[in-house]
Structures are given as C-alpha cells and as structure tokens.
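*Asks:* Okay, so TrEMBL annotates it like this:
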- 23-79: domain 'Acetyl-coenzyme A synthetase N-terminal' (DOMAIN)
- 86-463: domain 'AMP-dependent synthetase/ligase' (DOMAIN)
- R189, G190, G191, K192, T307, S519: CoA binding site (BINDING)
- G383, E384, P385, D407, T408, W409, W410, Q411, T412, D496, R511, R522: ATP binding site (BINDING)
- 527-605: domain 'AMP-binding enzyme C-terminal' (DOMAIN)
- V533, H535, V538: Mg(2+) binding site (BINDING)
- K605: N6-acetyllysine (MOD_RES)
Amino acid sequence: MSDVKTYPIPNNFADAHITKAKYEAMYARSINEPDAFYREQAAQFLSFSKPFDSVCEANLLKGEANWFAGGQLNVSVNCIDRHLPARANQTAFIWEGDDPSVAKHISYAELHEQVCRLANVLRARGVKKGDRVCIYMPMIPEAAYAMLACARVGAIHSVVFGGFSPDALKDRILDSDCKVLITADEGLRGGKAVALKVNADKALASCPNTHTCLVVKRTGGKVAWDDSRDVWYHEAVAGVAAQCEPEPMGAEDPLFILYTSGSTGKPKGVLHTTAGYLLHTAMSFKYTFDYKEGEIYWCTADVGWVTGHSYIVYGPLCNGATSLMFEGVPTYPSAARCWEVVDKHKVNIFYTAPTAIRALMGAGNDFVTKTSRKSLRVLGTVGEPINPEAWEWYYHVVGEGRCPIADTWWQTETGGHMLTPLPGAIATKPGSATLPFFGVQPVLLDGEGKEINGVGEGSLAIKASWPSQIRSVYGDHQRMIDTYFSTFPGYYFTGDGARRDADGYYWITGRVDDVLNVSGHRMGTAEIESALVLHDKVAEAAVVGCPHDIKGQGIYCYVTLMAGTEPSDALKKELVALCTKEIGPIAKPDIIQWAPGLPKTRSGKIMRRILRKIAANEIDSLGDTSTLADPSVVDELIENRANR
Ligand code: WT7
C-alpha cells in the first residue's frame with residue numbers, strides 16, 4: 001500500500017525520552033544483550049528488597065519464563081511507599097465522578113493510608129499470601145485501593161468487570177476459589193445505577209467459600225445484608241491501623257488473575273507475576289506516552305480489563321505519575337464530556353479505544369471544537385484495529401494535528417504494549433501499530449509455521465520471552481501451553497494475523513481464531529453459543545462477527561430452533577435476554593437470524609467461513625462450498641438473511 005500516509009515525528013518531540021536514534025540503539029541492545037539491557041531497566045524502574053540472581057531464564061517451547069529469579073519486591077511499595085519522600089503531596093489519582101460536578105484528588109500519602117488500611121482489613125479477615133480476592137467494582141478509587149491492598153499482603157486479585165452478570169461473576173469466583181469479594185452497593189454510569197451488590201448476592205449464593213463481602217457505600221442505595229458475610233468497607237477501614245507491613249514477594253510470585261475469552265471453552269484466568277509484569281508496564285507507560293514528571297495522564301479503560309490494570313494503576317503509579325480515573329461514560333452528559341474533562345483537569349496524555357473514537361466522531365465535531373484541549377500532548381488508542389478514518393479524525397480534530405497517536409497493540413496475555421509507536425522515535429501511519437517495543441521480537445509465520453521475511457502477511461507470533469508474558473492459566477497450566485505455545489512450537493502465538501510493510505511496520509488484520517472483539521471487549525463465539533443453546537427451544541447456534549460501524553465487530557447469531565418451534569420476535573427478545581443474563585450486556589446479540597440448517601462439512605464441522613461471509617453480506621465471495629454435506633443450506637441462509 002504505497003498510498004498510505006506517513007506522519008513524521010513532530011518537531012517538538014526532540015526532547016522526548018526516546019528519540020529515533022535512541023530507539024534503534026536501545027531496541028538492538030534489548031534483543032542482542034537482553035541481560036544487560038533488562039538489568040539496567042530494572043535498576044531504573046524497580047526497587048527490590050532483595051536483589052535478583054539472574055535476569056531471565058525462559059523456554060518458549062515449554063511456555064516457561066522466569067524473570068529476576070531470587071529477587072524480592074512488593075508491588076504496592078514500588079507503586080506507593082518509595083514515592084513518599086518526594087511525592088507525598090503529589091496527586092496519585094484524580095477521580096472524576098459520573099456527575100460532572102463531582103471530582104477529587106488523592107495524594108500519594110492518602111493512597112498509602114487507604115491501601116494500608118484495606119490491607120490490614122484483609123489480613124484481619126484471614127487473607128494471606130497466595131489467597132485469591134475477587135474485585136467487582138465500579139470505577140471508583142477503592143477499586144485501585146483494593147488491587148494495591150491485595151498486592152501489599154501478597155493476595156492474588158481477580159478483578160471482574162462490573163458489567164458482567166451474576167453468573168459470569170460466580171464462575172470466576174469459583175474458578176479461582178476467591179475467599180473475599182470486594183464490591184460496592186451500586187455503581188453509577190451515565191446517571192444510571194448499576195446493581196453491583198444485588199449481582200454479588202446472586203453470585204455468592206453459589207460460592208460457599210467466599211466468607212467475606214466488603215461493600216463500598218457509593219450511592220447509598222438500598223441493599224440486602226447478610227450479617228455473617230457482609231461488611232461495610234468504610235466501617236472496616238476505620239477500625240484498623242493506617243500502617244501495614246508489606247509482604248515480601250518473590251519476583252515470580254503471582255500478582256493477579258484476569259479472565260479473558262478464548263476460542264473455546266470457558267474464559268481463562270490469565271496469571272501475571274510480580275517483577276516482570278511491573279517492569280514492562282512501567283517502562284512502556286513512560287516510553288509509549290513519553291510521560292514527563294508532573295503531567296496528567298488519563299486512560300478511559302475500566303479497571304476490569306487489562307488496560308485498566310497496566311495503564312490506570314500499575315504502570316502510572318510505578319512511575320510516580322498522576323493518573324485520572326473516570327467513573328462515567330464518554331457520552332454523558334454529552335459527547336463533549338471527554339474534552340471537558342481534559343480541559344478541567346489539564347490532561348496531557350489521553351488513551352482510549354477506537355470504539356469510543358468512532359462513537360464521538362459520529363456525534364459531530366462541535367462537541368470537540370467547543371473545548372480547548374490545549375493541554376493535550378500525546379494521544380493513544382488500544383483494543384482493536386483503528387480504521388484510518390477514525391485515526392485521522394482523532395489526529396486532526398481532537399489533537400489539532402499536534403499530538404502524535406500511539407496505536408498500541410497488545411493483549412491480556414502480554415501484560416503490556418508489544419507494538420507501539422514511541423512519539424519521539426517512530427513516524428506514524430494511520431491504522432498501523434508500527435514497530436515493536438523494547439525486548440519484543442514479533443514474527444509473521446506462514447501456514448507451515450515458517451518465518452516470513454520482509455513484506456508479507458501471516459500469523460503474528462513472538463519469538464522470545466518478554467518480562468510481562470503470561471505465566472499460566474490459573475488452575476490449568478496445560479491449557480496455557482496448548483493455547484499459546486503449541487500451535488507454533490518455540491513461539492508465543494497471539495491469535496492475531498498481521499501484515500508487515502516495506503518499512504517493517506505491522507498492520508494487525510484481526511483475530512484468526514473464533515474470538516470476537518466487540519467495542520474492544522473480547523468474547524469467545526463459543527461462550528455466546530453456549531448461552532443461546534441453554535434455551536429449551538434452541539437446537540443449535542453458531543455465532544460469528546460482522547462488521548459494525550461503531551463497535552468494530554457486531555455479534556451475529558445463527559439459531560436453529562427445535563423441530564416444531566415457530567420463530568418469533570418474542571423468542572428473539574428472550575434469546576437476547578439470555579445472553580445478557582449469562583454473560584452480561586456486552587454479549588447482547590446484534591442480529592439473530594433463524595437458520596433452518598447450518599453449513600456443515602460431512603464430518604459435522606460448521607463452516608464458519610461461510611457464515612462470516614453471509615453475515616458481512618459478501619454473498620458473491622462465499623468460496624468453495626462443495627465440501628458441504630448439504631450445499632442447499634447456504635441458499636436458504638442467504639434468503640433468510642434478506643428477510644430477517
Ligand atoms: C486483542 C486483545 C490490549 C488491551 C485491550 C484488549 C486486539 C488490541 C489492538 C490494536 C489492533 C488490537 C487484538 C488482540 N487488539 N489492541 N492496537 N490494534 N488490534 O485486550 O481483551 O486481551 O484483546 O485485541 O486482536 O489480540 P484483550
């Protein structure tokens with residue numbers, strides 16, 4: 001694609017942390033002398049209470065990675081305590097409430113006190129190193145306190161996105177056997193209450209091992225109460241000391257579990273550990289966003305996703321930065337909200353998802369241009385491929401052509417940025433995540449698993465261990481090996497396809513497996529299918545992604561009903577409700593098409609390729625249908641599509 005535009009490195013980024021020459025030298029060193037490179041980076045970014053013996057021992061054939069072995073450190077100390085001498089009064093978090101008249105600043109000293117108090121509450125409730133704690137919270141500072149308090153006592157947190165249903169919450173609590181749940185009475189988003197405690201009560205009814213439910217009073221809404229289990233957060237933290245001895249943690253001790261969807265089965269509990277994760281998120285935060293002392297940084301993600309873990313909490317705090325946490329949604333009270341918040345808090349760095357950019361773009365430029373946005377210096381995007389049109393709008397309208405855009409490609413499993421343009425070092429091209437971050441060795445593999453050189457397209461894999469690499473799938477280590485390290489032996493397989501251009505830039509083409517990316521939320525088609533077939537009138541279901549202007553991908557469901565069942569709009573509504581109940585509102589089908597039959601091979605395998613084409617209305621390019629057991633099924637589906 002020779003007609004692709006390139007935006008040069010802006011002139012005013014000459015004093016960036018990483019310039020082009022520096023990137024090239026540092027990248028080469030990170031690959032050629034990783035030991036020396038990471039020893040230096042660890043010394044710069046982390047404080048160990050006991051020094052490590054070795055930098056990295058890894059074997060991708062076995063999915064093994066051991067970073068900073070022998071070292072000890074505590075993440076909460078690295079993110080809070082060690083900043084206190086210089087930054088006790090500096091703001092750690094700016095919290096912007098759902099209601100635009102509500103905001104507060106939390107200093108590093110206050111953060112320290114809040115985290116220590118909650119850590120003491122956890123210890124008093126019997127939580128020890130290695131125990132699991134579930135966090136099901138709205139976007140309020142207590143969500144971050146909870147994560148850091150777990151890190152302080154050595155408990156493994158498992159944050160479950162507040163939009164997940166009681167069933168989804170229950171499955172995650174049971175899978176990792178969480179002893180404690182931390183939640184709130186209600187969340188508040190776009191002026192509407194979210195019934196978190198009600199959901200938690202439903203989930204906990206089937207979780208006998210969860211002995212404590214700590215409840216933050218956010219709205220004061222009415223909640224049911226179980227005296228033997230429920231504890232008000234504000235009462236508990238008031239009754240304990242404001243200091244708390246941190247647990248010394250081994251470099252490879254687990255820090256957190258985060259559930260994410262794969263192409264098959266139940267969501268996997270991706271496990272991250274201590275030193276490597278913290279180092280990679282701290283380095284990438286500083287370099288990707290060119291974060292400078294005193295700047296205000298805002299990532300709009302939810303702490304329920306990995307972006308919130310790495311780039312609202314751990315990466316920024318490890319750098320002693322000021323991180324803005326937003327409770328609400330970008331369109332409330334109006335589509336100007338983000339830019340009003342930018343002006344109100346003088347935000348310098350803004351990091352969001354393509355789906356939000358597209359939604360705001362659709363609302364019209366006036367919402368943007370009526371604000372100043374003068375403070376903005378760097379823009380970022382994450383979660384899905386960004387279409388060049390949205391990129392250009394973000395660059396020209398939001399950033400007024402002066403803010404470089406960091407299109408960061410990474411995954412829950414990678415912990416932090418893998419491909420990303422560093423603003424002072426790498427010229428950008430709309431839609432490309434550009435070049436690898438330090439220490440990351442991407443490769444494109446062909447169908448035989450051979451590396452493709454130069455320009456080409458293939459499966460994106462990573463050739464060498466990086467510090468924040470996934471360490472395990474909680475409770476099922478073999479599943480990690482099977483999912484990520486077996487498709488291409490010796491490589492980590494991402495599940496994404498990518499193209500490399502003549503400048504070595506990477507262009508992510510999307511998932512090559514049955515994983516959907518809906519508004520930047522990752523979902524397995526199998527999970528939605530399992531929900532649909534729970535309905536007693538459904539015989540079979542096949543779910544694929546379809547193009548969607550705002551969400552990137554929509555959820556397109558083909559449903560075969562039990563013999564004798566009449567299709568109806570009422571039944572469609574029931575199926576939509578079922579997906580919401582089983583998974584959450586993010587799993588709401590966009591389209592349900594009745595399918596008298598599904599296209600299957602003679603061995604009974606559903607040919608999703610054909611279903612994807614029909615969903616995308618690319619009827620003319622269905623490809624070979626001759627291997628189908630009954631090719632007439634396809635004509636029927638095409639006809640039903642037109643009448644749906
Ligand atoms: C999948 C990972 C990374 C944190 C949020 C999502 C897609 C992510 C990009 C990007 C193109 C992207 C990939 C990836 N993705 N960022 N900049 N360009 N695609 O984390 O839920 O683990 O999803 O999101 O398909 O595999 P996740």
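Just so you know, glycine gets a Cβ as well, placed from its N, Cα and C.
Automatic prediction, not curation, is the source of TrEMBL annotations.
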*Asks:* Suppose we screen the binding-site residues R189, K192, W410, H535 by Cβ distance to ligand 1 with a cut-off under 6 Å; which survive, in sequence order?
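*Replies:* Passing the 6 Å Cβ check against ligand 1: W410.
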*Asks:* Around T412 (ATP binding site), which of the listed binding-site residues (K192, T307, S519, V533, V538) come within 10 Å, judging by Cα atoms?
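*Replies:* So the list reads T307.
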*Asks:* Could you tell me the C-alpha distance between R189 (CoA binding site) and T408 (ATP binding site) in angstrom, no decimals?
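*Replies:* Rounded to a whole number, the Cα-Cα distance is 26 Å.
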*Asks:* Which secondary structure state does DSSP assign to T307 (CoA binding site), in the simple three-class scheme?
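*Replies:* T307 (CoA binding site) sits in a helix per DSSP.
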*Asks:* What does DSSP give as the helix, strand and coil breakdown of the domain 'Acetyl-coenzyme A synthetase N-terminal' (23-79)?
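*Replies:* DSSP classes over the domain 'Acetyl-coenzyme A synthetase N-terminal' (23-79) add up to 27 helix, 11 strand, 19 coil.
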*Asks:* So if I measure Cβ to Cβ from V533 (Mg(2+) binding site) and keep only same-chain residues at least 6 apart in sequence, which ones fall under 8 Å?
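*Replies:* For V533 (Mg(2+) binding site), the qualifying residues are A539, E540, A541.
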*Asks:* Between G191 (CoA binding site) and T408 (ATP binding site), what C-alpha distance do you get in Å?
*Replies:* 31
*Asks:* Counting Cβ atoms within 10 Å of each candidate's own Cβ, which of the binding-site residues P385, W410, R511, H535 comes out highest?
*Replies:* W410
*Asks:* Across the whole of the domain 'Acetyl-coenzyme A synthetase N-terminal' (23-79), what does the mean pLDDT come to? Round it, please.
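*Replies:* On average, pLDDT over the domain 'Acetyl-coenzyme A synthetase N-terminal' (23-79) sits at 98.
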*Asks:* Secondary structure at T412 (ATP binding site) (DSSP, helix/strand/coil)?
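*Replies:* Looking at the DSSP assignment, T412 (ATP binding site) belongs to a helix.
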